[in-house]
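Let me begin by presenting the structure, written as structure tokens, before commenting on it.
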Amino acid sequence: MKYFKNIIFWNKLHPDEQKKILSRPILKENNFIKKTVKEIIENVRLFGNSALKKYTFLFDKQDINTFQVSKEKISSSSFYLSKVLKDSISVAQKNITCFHKAQIPSKIDVETEVGVRCEQIYLPLNSIGIYIPGGTAPLFSTVLMLAIPAKISGCKKIILCSPPPISNEVLYAAHICGIHDIYQVGGAQAIAALALGTETVPKVDKIFGPGNAYVTEAKLQVSSIFNGTEIDMLAGPSELLIIADNTANPDFIAADLLSQAEHGVSSQVILLTPCFELAEKVVLSINKQLNNLSRLSEILKTLKNSSVIIVKNLSECIEISNMYAPEHLIIQTQSPREVLNYISNASSIFLGLWSPESAGDYASGTNHVLPTYGKSITNSSLGLCDFQKRVLVQELTAKGLMKLSNTIEILSSAEKLQAHKNAVKIRVDFLKGKI
């Protein structure tokens with residue numbers, strides 16, 4: 001059966017049509033969601049745990065009296081998982097730890113002038129919240145992606161929230177990462193609890209993690225409150241762009257496109273290639289592989305937003321890719337690193353035949369929390385720096401201040417900031433014995 005046959009010739013399209021092809025599925029503003037989330041946040045602020053209990057029963061159909069998961073339940077989660085799964089989680093943990101430890105920044109300590117010492121130091125965030133969605137497929141891999149850099153950074157308090165009942169996979173992943181403050185609360189109410197605090201759930205300084213439209217809206221709203229909780233990013237639907245030439249494997253490409261298409265209705269996958277024969281083989285392979293996949297309805301909805309695009313050459317592939325700024329970029333060409341040199345916008349890049357996007361999702365070591373919706377033009381993938389803050393330190397000796405004093409006084413006078421000038425002058429006068 002032919003589920004997909006959307007091959008497009010880029011240079012036969014009008015510029016407006018080209019723009020439309022690269023447009024993401026529209027994320028419609030939903031006033032009902034905005035209003036509902038605002039009400040949930042306000043009720044959590046006013047009524048704390050009572051509001052959490054009410055919403056947990058309403059949305060999750062769970063009657064929860066104790067939100068915090070006991071340490072016994074967390075540690076016993078190991079007994080419910082197979083050795084094969086636990087060993088695989090350990091491999092992923094090792095690789096993610098290795099890559100993120102390599103991101104530990106070095107302190108900067110320089111003397112810009114004689115007697116003028118400037119430093120940049122890195123301090124961990126005091127408290128962070130991790131949100132892990134529930135559902136039929138618990139995202140325990142995201143626990144690793146968030147908890148491991150938080151621990152390496154030295155965050156003092158790490159709180160995890162997830163809708164009840166929390167899966168043993170999520171509890172186990174949290175346990176091996178050293179997270180023991182876990183609360184069975186989900187949705188917008190969990191984000192509100194982390195941002196505001198309740199009798200049980202502690203308030204945190206920054207919230208990390210994906211979620212549905214309600215969770216995303218809640219993150220947006222709590223981060224907009226004056227002096228409110230910070231957030232990692234507003235994650236959008238998953239997206240993948242592949243650049244391929246005639247050396248690529250069409251079955252591999254089809255499998256990669258489908259791996260992202262199964263994320264859901266608003267996801268988008270695109271293949272760019274100068275090779276029509278390859279494009280035809282990819283389309284055939286997509287239709288063949290679809291017969292063996294379980295999430296067929298989700299994939300078919302995604303494929304309606306997706307395209308196989310024929311272009312003139314690899315240079316045009318690169319130009320279009322940089323314009324699109326994908327979340328995930330796979331380069332399957334004869335010389336992928338040569339193409340990499342010309343890529344300016346992408347969140348996570350996968351080179352060559354043997355680098356499926358799934359590797360980055362789970363176990364290569366890189367983080368899978370990534371900017372979407374073209375945000376890779378200015379934003380970066382999640383990393384150690386998101387769990388830290390840069391602090392600047394300066395120390396001047398008397399000699400150093402004397403040397404800079406004239407410069408500072410002239411500059412502050414030019415900006416008509418007399419008090420700034422005086423803060424230097426009063427010290428200089430003291431050193432000259434005028435006070």
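Glycine residues also receive a Cβ, built from the backbone N, Cα and C atoms like all the rest.
Note that the structure is predicted; figures quoted are calculated from it, not measured.
Annotated features in Swiss-Prot:
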- GLU327: active site, proton acceptor (ACT_SITE)
- HIS328: active site, proton acceptor (ACT_SITE)
- TYR131, GLN189, ASN212: NAD(+) binding site (BINDING)
- SER238, GLN260, HIS263, HIS328, ASP361, GLU415, HIS420: substrate binding site (BINDING)
- GLN260, HIS263, ASP361, HIS420: Zn(2+) binding site (BINDING)
- Using all protein chains shown, find which of the recorded positions GLU327, ASP361, GLU415 scores highest when you count other CB atoms within 10 A of its CB. GLU327
- Task: Compute the C-alpha separation of GLU327 (active site, proton acceptor) from ASN212 (NAD(+) binding site), stating it in Å without decimals.
- Result: 18
- Should one count Cβ atoms within 10 Å of each candidate's Cβ, the binding-site residues GLN189, SER238 would be headed by GLN189
- Cα-to-Cα gap, ASN212 (NAD(+) binding site) vs HIS328 (active site, proton acceptor), nearest whole Å: 20
- Comparing the Cα of SER238 (substrate binding site) with the Cα atoms of the recorded positions TYR131, GLN189, HIS328, the shortest distance belongs to HIS328
- Message: Distance check, please: Cα of TYR131 (NAD(+) binding site) against Cα of GLN260 (substrate binding site), rounded to an integer number of angstrom.
- Response: 22
- Specify the secondary structure state of SER238 (substrate binding site) as given by DSSP, simplified to three classes. coil
- Quick one: of ASN212, GLN260, which of the binding-site residues has the smallest count of other CB atoms within 10 A? ASN212
- Query: Can you tell which of HIS263, HIS328, HIS420 has the most other C-beta atoms within 10 Å, given these are the recorded positions?
  - Reply: HIS328
- Item | Other CB atoms, at most 10 A from the CB of TYR131 (NAD(+) binding site) | 27
- Message: Need the DSSP three-state call for HIS263 (substrate binding site) to compare against my parser.
- Response: coil
- DSSP state at GLU415 (substrate binding site), helix/strand/coil: coil
